[in-house]
Amino acid sequence: MSSTPKQTTGDALAGHTPMMQQYLRLKAEAGPLLLFYRMGDFYEMFYEDAERAARLLNLTLTKRGNSNGTPIPMAGIPVHAMEQYLARLVALGESVAICEQIGDPAAAKGPVERRIVRIVTPGTLTDEALLPAKADRALAAVCVTGKREPRAGLAWLNLASGAFHVTECAPAQLESELHRIAPAELIQAESAELHMAFEGARTRVPDWHFEADGARAQLLAHFKTDSLGGFDVEDMPAAVCAAGALLRYAARTQSQALAHVQTIAAERSGQYVLLDPVTRRNLELTQTLSGEESPTLFSLLDGCRTPMGSRLLRRWLHHPLRENEPVLARQHAIATMLTARQEGEQTFAAAGLLETLRDALNAFPDIERIAARVALRSVRPRELASLRDALAALPALHASLTPLSGSPRARELAAQLAMPPDIGELLARAVASEPAVAIRDGGVIAAGFDSELDELRALATDGGDFLVQLEARERERTGIGNLRVEFNRVHGFYIEVTKGQTDKVPEDYRRRQTLKNAERYITPELKTWEDRVLSAQDRSLAREKWLYEQLLDALAQYVRPLSQCASALAELDTLAALAEHARRHDWVAPELIDGAEIDIEAGRHPVVERAIERFTPNGCRLDQTRRMLLITGPNMGGKSTYMRQVALIALLARTGSFVPATRARVGRLDRIFTRIGAADDLAGGRSTFMMEMTEAAAILAASTPASLVLMDEIGRGTSTYDGLALAWAIAYRLLTHNRALTLFATHYFELTRLPAEQPTAANVHLAAAESAGGIVFLHEVREGPASRSYGIQVAQRAGVPAAVIRQASRELERLEAQGAPTPQLGLFAAALDADVQSQAMTEQAEDAAALAQLRDQLVAIDPDSLTPREALDALYRLKQHLT
């Protein structure tokens, strides 16, 4: 590999060409980042950067001569294709420094002036082409402070929208919080040791970035204030440190202040229903268990008409609310949108109001991200055109909201849509109806906006009459009937004469280009006119660029109202999508109460019911008198689906959505836990059973009477007795100590005796029936325990060979004839005295120790070396040990 020269000062650069000296200085500034070095129509990379980029992007690796006596490896990409290459590099976890030409090549005596204008990292993407439309890509920073009582401060910024949040938690909760936020990049101090799983990119910055005084000063300077009291973060010192470091890093990547970041939102621990990473995965909120994006709860509900709405819906699903008031505000807004609901019925008629609202939302682009790019001065001309058209569509949207005035939240959102009329008028006057893709192409500023630009454009483009007249005069003057006056980008304007007519060319014709069948000439008159036209084109483009910068300056004052408008549009879109789904699929508004309770009548799994022809609805009741359901039944009977169904209905209710049921009542929940299925964590060195116990331990440690807990087949990864003992003990602990609302599925039928001892537990089962053709799963939840598990019948349906099925059936009959082993049945007998249990365990331990000692004595005996007398003595000693 060719290493980049590291010394960038003094004599170390003397042997390099001036251009390479400039490159090496900029590369030293970029550090380990890939440096895209602008040279004309290409971004070039040299030395290790070239070799790395060639490998990652499959580019051709060439050489750019020698500098300081050594060859220079080089690879490049076209400027117009930069975004697609950037996307590939960011997807690979790379960060890129982009160096642009900012000087005038014509005026430069040496290398044209260049500087790094921005840094692109996985967490600082703002370009539309690099961002996922329906998901956020946040940049996060973490800081752990305190030794006796450590606290983890977490800050995260969505640079593409300007949303800036902070929170604090215990260090043990940090991994769960990061999973909730799902940042693309995490910033941490160089010396920080964070032992946690994180799939995104990690970036280390100097420790002093996280120092309290410097971080606070960074925030105060950015928000132009003397105190952080107005942001409600004064009691979050660790979060303030993280926020200051994050803001410093983000501003450096953009090479400018972040004008669209205008506030900090402090999140408190009691704000949301907490979902740990296992629960988010098991409930398949936005990703299936196999890692696919569909079918998930999000893909099912996402009927949003704007990308902003889709992103907000995703955030709502990952952040269900704990308090009822904001949930009821959303729910009431959805109900108001469904004004065509027929009284006393569970179905919805066609809602013309809702369709009108959703049609109006179709007219809106991603204003949230456009506003951010306006602030960052990276907005493209066509985005401004789409913003202009969107502002023109606001009155129609306002009109469609008038019937929703009965909803306080809808009224608030309608008021938030109001925009100053000046911005719409400015964009309508300034931006061409169909602008070019980039400002460098011209044609962006509308005709009539600037008289000087109009004059330059006329001079540059209205030369058609002159060329026609010149061609006619030259034909008459030379007698060459097929003479033509034309233009191309390489040679400019020229007069073309065929080879057979060149003897008629006048003396004032100067040859410009020779072709196979023609010669091309220039005359003094045509040259003078060409200079004037090309100069006008250059001046026109320069004027247009200047006007575009002035336009961005004028738009900067509207970033805040644009962001507020985008936020209102996103929420209206999300509410309308949820309302439309409720209307189409017979969902109902759940009743929200203060106590911890879940009461569902004829509930349905929102995703599964759309995937099968007929879904069997089931109810569920969990409250103060019925805190645990012990669920038994056959494999494939629907236990896991039923449990997920209950959790998803509860989660939907806490987001403000309607739910798939005929009636539902859901109380205030603080957490939702799931332990449904498991797989080996090979990378972490943990078996399935270890994973299962780790998840169970987390649930037992953190669940409360306001938690919903789903436990599926706990204890199955070990021996029967161990598994049964653990399952019983875990269920008993959840019921009597944690007192969480629990769905506990099991194949250990001994556990069905628990309700006899603890009245707040109840047995239910998934029904099945046997027929001549085998087992039939009814998928109905019925009261009471199951009578059997039908494991052999399920194996038969799975295609296990008939001989194996017959042998298994015979073995089952033999085991059933023997009856259940006494120790297993008696293991949890309520009348069993605790002292007897303790004595039995002590005796077992003593027996085990004696057997171990006996084994050691036997191993120590070498029969070949013993005399008959010694052998007889050894035998007596062993007999004495046994008796």
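Keep in mind that glycine also has a Cβ here, set from the backbone N, Cα and C atoms.
What Swiss-Prot records for GLY633, PRO634, ASN635, MET636, GLY637, GLY638, LYS639, SER640 is ATP binding site.
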For GLY637 (ATP binding site), write down the residues of its own chain that are at least 6 apart in sequence and whose Cβ falls under 8 Å from its Cβ; none is a fine answer.
LEU766, ALA767, ALA768, PHE777, HIS779, TYR790
Across all the protein chains here, work out how many other Cβ atoms are within 10 Å of the Cβ of MET636 (ATP binding site).
18
Near LYS639 (ATP binding site), which residues of its chain come within a Cβ-Cβ distance under 8 Å, counting only those 6 or more away in sequence?
ILE631, GLY633, ASP712, ALA745, LEU766
CB contacts for SER640 (ATP binding site) [other CB atoms within 10 A, all chains]:
19
What number of additional C-beta atoms lies within 10 angstroms of the C-beta atom of GLY638 (ATP binding site)?
23
Given the binding-site residues GLY633, PRO634, which one is most crowded in terms of C-beta atoms within 10 angstroms?
GLY633
Taking the Cβ of ASN635 (ATP binding site) as the reference point, list residues of the same chain whose Cβ is under 8 angstroms away and which are at least six residues distant in sequence.
SER789, TYR790, GLY791, VAL794
